[in-house]
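Copied from TrEMBL, the annotated features are:
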| type | residues | note |
| --- | --- | --- |
| COMPBIAS | 348-369 | compositional bias 'Basic and acidic residues' |
| COMPBIAS | 426-438 | compositional bias 'Basic and acidic residues' |
| DOMAIN | 832-867 | domain 'PLD phosphodiesterase' |
| REGION | 307-398 | region 'Disordered' |
| REGION | 412-438 | region 'Disordered' |
| REGION | 465-503 | region 'Disordered' |
| TRANSMEM | 15-36 | transmembrane segment |
| TRANSMEM | 48-69 | transmembrane segment |
| TRANSMEM | 75-93 | transmembrane segment |
| TRANSMEM | 113-133 | transmembrane segment |
| TRANSMEM | 158-180 | transmembrane segment |
| TRANSMEM | 192-214 | transmembrane segment |
Amino acid sequence: MGSNDIPPSHVPSSYHTICTLLLGAGGLLYTITYILMTRQSLRDRTYAMPLLSLAFNFAWEIIFALYVAESPQEKAVFTIWMMIDVGLVYAVVKYGENEWAHAPVVGRNIGKILGGLVLWWCWALWAMCVWWVDEQDPVNPKDGKIYKGVMGIDTTELGFWTALAAQVVLSCGLLAQLVVRGNSGGASYSIWASRFFGSVFGLNGYYGYCWFVWPEGHGYFANPFAVCLWVTWVVADLVYVGVLRDVRRSEIVLGDGRKLLDDEHLPKGSFVIQLVSPSTLTHKYITMTSSDDDEELKQAIALSLAETQPAAAPPSPTNVIGVVSSDNDDDDDDDDNLRQAIALSLRQTEREKDTSPAAHSIHDSEVSHPGHTIAELKGSPPTQAQPTSDTGQASGGIMGLDRKAMEQERLARLGKRKRTPSPERPSQRKEVSDERIQDRLSDQPRYFKRAVGLLSWIVAEDDSHEDKTSDVSTTSRLVMRPSLKATADEGNGDTSTDQSPVQYPHGAIKRTWAFKHPRTNDIKIEELLQTSTLSIAVLSAFQWDDRWLFSKLDTAKVKQIWIMNAKGEDLQEKLLAEATEAKIPNLKPHFPPMSGQIMNMHSKLMLLFHPTHLRIAVPTANMTKVDWGETEKDVRTGESWQSAVMENSVFLIDLPRRSDGEVGGKNDATSFGRGLIEYLEAQEVGRRVTEGVLKFDFANTKDIEFVHAIGGSHTGQSSTRTGLPGLSNALRRLGLDQVREIELDYATSSLGALKDSFLKQLYIAASGEPPLSNREVPADFLDRIRIYFPSRDTVVTSTGGPACGGIITLGRKQYGAAFPKQCMREYRSTRKGVLSHNKILLARGRKKDNRPFAWAYVGSANLTESAWGTQKMLKSGKEGVLSIRNWECGVVVAVPDEKLKELEELEVKDGAVPPMTVFEGTLEVPFQYPGDKYEGKEPWFFMEEQRMDVEGHGLVSLA
């Protein structure tokens, strides 16, 4: 292109030499650029060049090498670039899906999309070139320009416009890619320098020189449109290097080379990894802003990523499913916790082979990864079921492995393990292979596939004595096994689950059982489920440990509806397809409305249908092993030894069937019943569920209120029945309004950027008044609110240590100057060393007539605006829209008048607020009160501590 030009006499004789040097320098630098990009892509496990730019460049090189270039030197350069670009294409195909988790359809088909783009660009560029070099009618012919012996055809200008367009697309695309990713994956200063100066020499420099010495032949360079384009790419590249510097300062480099944004620099509205699979927390990205309370989300993402089983080992029975999304709130920068959690967990998993089994328990229970695909489970005798690595292919038997060989491998692994020095402070962490980590970052969640994988293990381990030629189908065999595992809970205590059909006719609040801690007013998951008579279970949770849950419920016997968290139709359809493919009988996943601002299905609700009664349970716990007080089992003994690391609470009540056997009317139910039905209808669970619930007698719930937060925007009457307004209405119905003074104690496992204004609304709502009412509050109302949240010291010295503090979340940026620090109190469980996932609000006070009162809220709502909703008073004096980003639910239980009178006579001075002992008999307060003030101590900043542990190989100060 231009090598055969005959310049006019006024052009210096060095014209061709200088042009060759400029093009040669540009070509050499771009060759280096492509090599560096390929190398960096493989190092960072991503792709360096945006799809559109890569397709454009690749097609440009193809067309110019095969059609436009004249000299062998030009053809050689274009061919070399094509060959190097193959490495960039490989990086896109291999790692591209990781970057498109927010659009899984694109991620799954990224290779095809890239191929289609290349073909289109080839077509478009070929069409332009054919038009441009038409010998009969060339575009913009010029004197002195020669192409293939034809005078006038100017391929130099053709190269200018096509290369300049490609350059603008590349520079702007790279800048956008850097901003969106928030990390320097696939980028480096050396890549930028070689690319920038390659373009300066080979594009702006070369054509600028040609225009300077031969303006009549290269006037297009000074064309206003051309100036716009070549200035644009220069500005974009200069901005790029500044952005690159910033993201490099604020990113974390994982052990395998991946890069993620640090927890203090995530811009508003940025992408966050959608962690869904446990395991994976599947690294899928979704667009979202603040999340001030998704403690489970971050844990599911963070700690779950640390899959504790080696690739060749059998899948752990504790793999949590946490569908990750985040909620919007005023504190938009809390989403960085999510990305940081993932980063730190991955690094922590890869860095050490040894870790605490306590951490083990958390990691496994907070995330899981499918060890097997359903295709591997089909069509083979169940007795051949064997585990395989996440990337393994079936080569024999139902799981593609030889049972004898697998057993030999298992024994070999056990032989290599060393006994931990102390059962009270575990110290082993298993290393996860690069392939498994890559799987985590590239796969969408596969809950139900993992479930079948677990069940196949039950068959493989327990049925070796059976006839291998059995004709029983794989699916039927697999689903019959969970009941065998549901009779014992970690080998501790009585396994009986049904002392009587109806145990709690008037309701009760229980602590969750905690392994190796004395049993008091607690309950095990088996005792709650009453599996021997359970026929239908409607369960909702933010996170799911499917394998663990299937070990508690017999899917062949119990019909189940799982109300799950999944934002976006693509993800929901994928999960439904996997459930269908898994062929797990009697299981129906359900997703409540998640459109618009709704970000999380965070509620925990259990409807357990028995022949004689309906048990309604509202726990603070997710469907995970750790939340219900269980811990990991020793692989050698099959028994647990590590004490519980986490505790929760649960409200439950048993409702008898209606005596007439009919479906009751919604309006005839108690306020509790109406609230529950309203919530179920809003979640669109279906008429069969709501009618099934109405077949039971709600009479004993007349003194209990079901309080919910229905995700979305609410106006009019709807805005008075949910969120904080719903709480205040519930209190009025219970006669807990007309408050003179009140004291609030809120135990929460997650906090965002709390504001005085929000706590004021909470204070008013807890007094039984509309949150936006003009009710006067004491000037010292913040001194009447205590927020129980653990300090760093408490988490570090807990049984599980810092590794188990991942679901207790607060960011340093949220804990700024405006945060009401005076309200903070140390959360210490009455069970030594156990951390809390509770969400409990305790209220005590005096009414205007001087009568004492007390009530307790137990549910899924943390102390955040996302959970309770935000609403403002408009300038017109009207109440604005109530915006709620989470689905939440809980119950309000009043302390009986008899207890208040008894306490009044024995302890309380006239006019004083009842003490915390007023709750005795209503619930066992799980934390020490009144709680120490922080007084110089800092709360648990989970992101910082995880970074200390991973980067500093120990808990050391980052200051």
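Cβ from N, Cα, C; glycine included.
Across 15-36, 48-69, 75-93, 158-180, stretch 48-69 shows the highest tally of CB pairs under 8 A with the transmembrane segment (113-133). When averaged over the domain 'PLD phosphodiesterase' (832-867), pLDDT in the model lands at 96. Below 8 angstroms of C-beta separation, residues 2-3, 5, 7, 77, 80-81, 84-85, 87-88, 188, 190-191, 194-195, 197-203, 205-206, 209-210, 213-214 of the same chain, each at least six residues beyond the ends of the transmembrane segment (15-36), sit close to that stretch. Proximity of distant same-chain residues to the transmembrane segment (48-69), defined by a Cβ-Cβ separation under 8 Å and at least 6 residues beyond the stretch ends, is recorded for 1, 37-38, 40-41, 75, 78-79, 81-82, 85, 88-89, 91-92, 96, 110, 113-114, 117-122, 124-126, 129, 133, 155, 158-159, 162-163, 165-166, 169-170, 173-174, 176-177, 186-187, 191.
The residues of the domain 'PLD phosphodiesterase' (832-867), classed with DSSP into helix (H, G, I), strand (E, B) and coil, number 3 helix, 19 strand, 14 coil.
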